[in-house]
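Features as listed in TrEMBL:
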| type | residues | note |
| --- | --- | --- |
| TRANSMEM | B:12-33 | transmembrane segment |
| TRANSMEM | B:71-96 | transmembrane segment |
| DOMAIN | B:72-262 | domain 'ABC transmembrane type-1' |
| TRANSMEM | B:108-129 | transmembrane segment |
| TRANSMEM | B:141-163 | transmembrane segment |
| TRANSMEM | B:184-207 | transmembrane segment |
| TRANSMEM | B:213-233 | transmembrane segment |
| TRANSMEM | B:240-261 | transmembrane segment |
Amino acid sequence: MSTQHSRSAARLMMAPAVIVLLAWMLVPLTMTLWFSFKNYLPLRGGDLGWTGFDNYARFVTSSAFWPSVYATLVIVGGVLVITIFFGVLLALLLDQPFWGQGVVRILVIAPFFVMPTVSALVWKNMFMDPVNGLFAHLWRFFGAEPVSWLSEAPLFSIILIVSWQWLPFATLILLTATQSLDSEQLEAAEMDGAPPLKRFWHIILPHLSRAITVVLLIQTIFLLAIFAEIFVTTQGSFGTRTLTYLIYQRVLESQNVGLGSAGGVYAIILANIVAIFLMRIVGKNLDT
Amino acid sequence: MARAVSTRRKTLTTVAAWAVGLLIFFPILWTFLTSFKTEATAIADPPVFLFFDWTTENYSVVQERSDYMRFLWNSVIIAGGSTLLGIIIAVPAAWAMAFVPSRWTKDILLWMLSTKMLPAVGVLYPMYLIFIQLGLLDTRIGLTIVLMLVNLPIIVWMLYTYFKEIPGEILEAARMDGAGLKEELLYVLTPMAIPGIASTVLLNVILAWNEAFWTLNLTAASAAPLTAFIASYSSPEGLFYAKLSAASTMAIAPILILGWFSQKQLVRGLTFGAVK
């Protein structure tokens with residue numbers, strides 16, 4: 001179909017994108033790998049030679065490692081459960097006919113467009129502050145002792161902030177999937193007398209399963225990398241130091257580049273495991 | 001879809017949907033309202049909702065004290081520049097893959113997507129080092145390039161899916177009618193491609209505007225965009241809720257408006273065509 005001429009033209013057109021992305025992927029990655037096998041402390045002696053797999057071993061045996069794995073799992077897991085559960089409910093609700101659909105949809109999607117530093121600081125100060133926050137006002141109104149959210153329930157607080165940011169994403173994608181549901185099938189089930197819960201379980205949920213998987217995978221990749229929300233709220237204290245934040249601290253704050261790079265390699269491997277599943281779904285869709 | 005819905009049910013749904021919508025939107029609304037209060041009113045207990053003396057003082061204070069316009073300008077340059085640069089590189093690539101597919105096309109697309117999955121923190125130090133060596137630390141050009149690279153896979157993907165929808169038969173028809181390559185590009189393809197390119201631009205400006213890893217780690221004073229400007233409020237002095245709100249409102253308002261136009265593109269751009 002396409003001629004030899006158009007093929008070489010196509011290759012030429014693709015070259016810039018392929019080359020810059022290849023460089024973007026390979027150069028820093030190679031450097032991270034390189035540093036991860038070195039004892040490299042820029043502020044304390046610089047390059048102190050090769051250390052084999054020492055950094056890899058030290059990263060996972062340091063006292064900060066398991067707590068950071070725990071924090072990462074709780075935050076990622078918590079946000080996933082909340083956003084997918086409420087995302088499905090919201091998608092089903094917004095799919096019903098009601099007055100002002102357009103406006104409500106805009107209201108629901110809005111948090112996704114708020115930059116992470118703004119949403120984290122607004123929640124931290126104006127809602128969760130133990131003295132002047134709205135929650136404190138509300139607690140006092142009911143005669144309860146105000147909670148110092150970010151120090152007393154730090155993981156929950158971060159999960160709440162991040163869920164608020166990502167619920168719109170989950171809702172929007174699940175809503176898109178809901179709208180492609182065959183309404184005749186639902187009507188038939190309704191006429192056969194299937195109760196709402198059964199219809200949800202046997203027709204709606206299976207239809208949404210792929211969209212849910214996609215939301216799960218995409219969000220996992222982005223959630224593993226959350227940074228700003230922790231940077232401007234707790235700075236990793238009170239047990240909110242995630243794997244990403246731990247690596248950031250090792251590399252930039254304590255300038256232990258070798259150790260941080262080994263952590264970086266772990267993070268890359270972890271993200272790739274999730275990515276493989278996502279790519280499989282995306283790749284399947286490319287054929288059709 | 002001729003499902004008869006009773007008015008009662010529609011009313012109930014309306015109430016529920018609006019309640020949920022307003023609840024989710026409330027933090028943004030509250031920030032907006034607080035930005036027009038005095039600092040004292042901002043922390044009043046019980047909180048005041050609408051009936052207070054509206055003042056725009058906070059906005060001028062934020063501008064005077066921290067030179068808000070400079071951060072805004074940095075955000076505009078970095079978000080706009082990285083998107084523009086990305087489009088220039090991505091349009092030919094997406095074009096080639098959509099119209100002259102080879103057996104490698106699918107693999108290249110998936111590989112490009114995989115670069116998006118690379119956790120930024122994993123390459124933080126190398127990037128930091130490269131930036132120092134090249135004198136790019138805390139410069140707008142450096143950040144523009146990094147954000148372009150971060151978003152390039154999404155740009156290519158979105159453009160690819162849009163270009164794929166342009167039917168190839170139209171090209172053949174134009175050729176039969178004697179259109180040369182120039183006419184073909186100018187009068188047939190470009191008009192059909194523009195909506196897709198516009199949507200891609202929109203979503204990527206939003207993503208670049210809100211990016212908060214590289215913008216926080218690779219800037220200090222001179223190239224810092226709004227994300228970093230807002231982060232400076234994390235160590236406050238004295239009463240600052242109203243000013244934080246004013247600064248936040250100014251930082252999110254332009255993108256919120258753009259965002260509302262790009263709901264549909266969001267699904268396409270962020271799921272890589274995996275959900276339709």
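Glycine is treated like the rest: Cβ placed from N, Cα and C.
In terms of C-beta pairs under 8 Å, the stretch of B:12-33, B:71-96, B:108-129, B:141-163, B:240-261 lying closest in packing to the transmembrane segment (B:213-233) is B:71-96. Below 8 angstroms of C-beta separation, residues 49-50, 245, 248-249, 252, 256 of the same chain, each at least six residues beyond the ends of the transmembrane segment (B:12-33), sit close to that stretch. The list of residues near the transmembrane segment (B:184-207) in space but at least 6 beyond its ends in sequence, with Cβ under 8 angstroms from a Cβ of it, reads 79-80, 82-83, 86-87, 90-91, 151, 154-155, 158-159, 162-163, 165-166, 170-171, 174-175, 255, 258-259, 261-262, 264-266, 268-270.
Cβ atoms under 8 Å from those of the transmembrane segment (B:141-163) belong to residues 77-79, 81-83, 85-87, 89-91, 93-95, 97-99, 109, 112-113, 115-116, 120, 127, 131, 134, 193, 195-197, 199-200, 203-204, 207-208, 211, 214-215, 218-219, 223, 225, 265, 268-270, 272-273 of the same chain, restricted to positions at least 6 beyond its ends.
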